[in-house]
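A.B. asks: Sharing a structure, written as structure tokens. Questions coming.
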């Protein structure tokens, strides 16, 4: 394989390679023609090695194919072997049973896990014991004894790891090393406790820092001597508080603490440079264990984390200075020009600059630019407070850092990222293609790929840091600039220029899009702050912002892509808020927002953005539109004394909204129709122009929806709303109401007859019937007729609708509903209600041949009969029950054709005829004639049922007849002689005794028969 690799390396020569600086194709002979860099041997080697690895992977795949073939053949051989063994076992099992194999108990954890747990717990217990000994048992020994004990324990604990390593017990060595270093730290506490060499006379914090520093030094040396990991962690952890504790007694100011934690951060971050000291070539040449020990990724990550924390603490005074600047630049737009930012003095920015230089010096090359930029940002934030400058200087310093950050960010090129992406993806498939046993060449490949991935990660992190720094400093500059509108306008203008520059010069598409969005987004702010600086009123400021937003939206409409649309959204969405703060009509600005969003052409997932301005429009225009469409004028009280009005701004907002939603012809028509009432109200048209125009528009839309293929989802709601509004607006006089209802009736009739679809025709029918009912009620009220008389007019409408339905059950439902309305109008007058029921029964009787209509007609006539009896104050019970039972019997006779049971067919009729009368005679005395007739009727029903062999008549008639007989028996109970009950009781007892004797006899006979059989 090595010979193949050398052969591949000799015959594969790269011609071009991607330039690492600009991403352009570069030649191995002349270098990069774009940026002028000469040939890069490392890049050429990467390309050549990639080609070599690809060829080796192909050879490896062929070898694996051969391995799989051999594995298949081995598997087949094993199958044949198992089959033969099974046959042998089957032959043996015929003579003696085979022993059952007992499966070995399955372990629940590995020995390694158990070992680690034991070590962890053992080390923890030893550490706790040492602490307890030092804190509690220390006083029981003399000075010499104490020193000897602790020194002996410490030396013993630190000597054990060396012996353990010689025997290959690395885990034991790690544990004992941690315990030994803990004992060393406790030695320092013990020395303070006994005032060894007078150490207790100094500052406690400084002494603690020195002990931590000494422990860190000892741990680092011990780690270098033994190569263990635990001492490295001990050195890292104990080094963190050492310097701050040593400095704390001096009570340094903000600059002193900045230097302290900056030095700590620099010492921690220096590990990153040490980590990169081992090159991929050295890593490939050394063993895996040596490479891991040299790199120590866990230690490196811990040091980097502590370094980042220390850096944040070191830069914290800069954040305090930034807040002080913002506090000085208050109140907004009215800050004093000469107001000086209070601060600790020039030492703070100087200290920040020093630690920035120190951190940048110890970091790897790829991190230095980002660190320098972060330090520059901190210095810029601290300069106004440190030098005692006016607040507006902060914006100048911030913008300078923003310019530097953006200049660095624009240098990141898309080709570099794209070319480096395969390097990130390569390790997965290359490692998958490697054998189980890693080789030095594999380690070299992994190290090389890891270096490429780290380089790409460094670029990505640098880009994020640069963009974040620019964003934070830009926001701080803007916040500070709002101390005066002129300064804010200048800051916004500079930010707009930065955005344009990034949009033009950036190589990454996302940066170009961000620059474009920022440049657009700050433009309305420039208009606002500039007008505020000129002293214009709030309304002028809001209108200037709106004009700028309109101009930007129109310009962005011709720029394709998501960034342009999102920029439009961010610019126009705040327009209603501008209006609310300035006192301009919010609805007008919301409609303008909706129009501009429509111009932007939002699509897909972006369309929900329309909901915000639409909701604002609904809240602002909704009440006025509802007041216009549904006025609260009294019904039929005469012509309204006031004319409905609306603000011109509301009318314009409605028209703009209509223009915004003109995605289709009919949608536009519906939108303009809904806007018309506001326009007419703004024009102060007299009544009833507004309701009649609204009604006409609504009817036109609904007729178009019924007669032509139009989008119902948009036209139907608009048409229904306008028609309802027109009808409500026409209610003040009878004439206007009749005219409006007549128009609705005509339109509904046309739709019901000539509708394009069956659904349209069916939906128009009840509307026509409802309009007819309204006309009848309105006309009756105009003629001052009582409601019970108007009921007959409504009944006429119901009859007409029933006749025109021509047997269509769905249309006849509207006629039945009209009849119910007529009946409701007669509430309080039973005679008129009886007449309505009777007439409707006659109407239903005209269709008696149709299924169910005969019974319906009979039911209606029954209702009329009952109501008539109520009107005549008839109290005879049978006057109500007999007609009802007759109708039920008619229904039962028709039901018997379907072979239903007699209970279903005749049960309701028999119950209605007999049970009410039975209840009457049972609860009241007298009624001899009723008792007689009821008994005869029950007997007749019983005989009829017996003759027809029907259960329901027999059972109902029998029960009622028995009840009548018992009722008569109860009436003559006192007339019966006293001996009769006694005799009846005696007879009953005799009968029971006889029955018992018969059963005993039969049992005895059965026993005798069984005896003879045996």
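Glycine is no exception: its Cβ is also placed from the backbone N, Cα and C atoms.
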A.B. asks: Of the ranges 299-326, 411-438, which one does TrEMBL list as transmembrane segment?
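C.D. replies: Transmembrane segment, as annotated by TrEMBL, spans 299-326.
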A.B. asks: What range among 278-297, 518-537 does TrEMBL record as transmembrane segment?
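C.D. replies: The listed stretch tagged transmembrane segment in TrEMBL is 518-537.
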A.B. asks: From 117-141, 242-266, which range did TrEMBL mark with transmembrane segment?
C.D. replies: 117-141
A.B. asks: Would you mind listing the long-range same-chain contacts of the transmembrane segment (456-475), meaning Cβ under 8 Å and 6+ residues beyond its ends?
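C.D. replies: Sequence-remote neighbours of the transmembrane segment (456-475) are 364, 366-367, 369-370, 373-374, 377, 380-381, 398-399, 401-402, 405-406, 408-409, 412, 416-417, 420-421, 423-424, 495, 498, 508, 511, 514.
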